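Notes to accompany the following structure.
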């Protein structure tokens, strides 16, 4: 299977309302050759629980074992990306 054309990365730390809106926006796009990488930075507001309920093969989600901060979390998103 070839990699997707591009990766959309969403680093997450809390803000479950924003997470829901962001994911919904990405999945509603008409272009389909992408992957969505979500890295949760140990959220405590239910964001991770919500992310795990989404069933879409284009989504790959990961959770840090502890909060590592925004820059390292962005870096982890980039490391997980498989887009061309």
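Using N, Cα and C of the backbone, Cβ positions are placed for all residues, glycine too.
Quick look at what TrEMBL lists:
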DOMAIN    7-84  domain 'Glycosyltransferase 2-like'
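The average pLDDT computed for the domain 'Glycosyltransferase 2-like' (7-84) is 98. Per-class residue totals from DSSP over the domain 'Glycosyltransferase 2-like' (7-84), listed helix then strand then coil: 28 helix, 18 strand, 32 coil.
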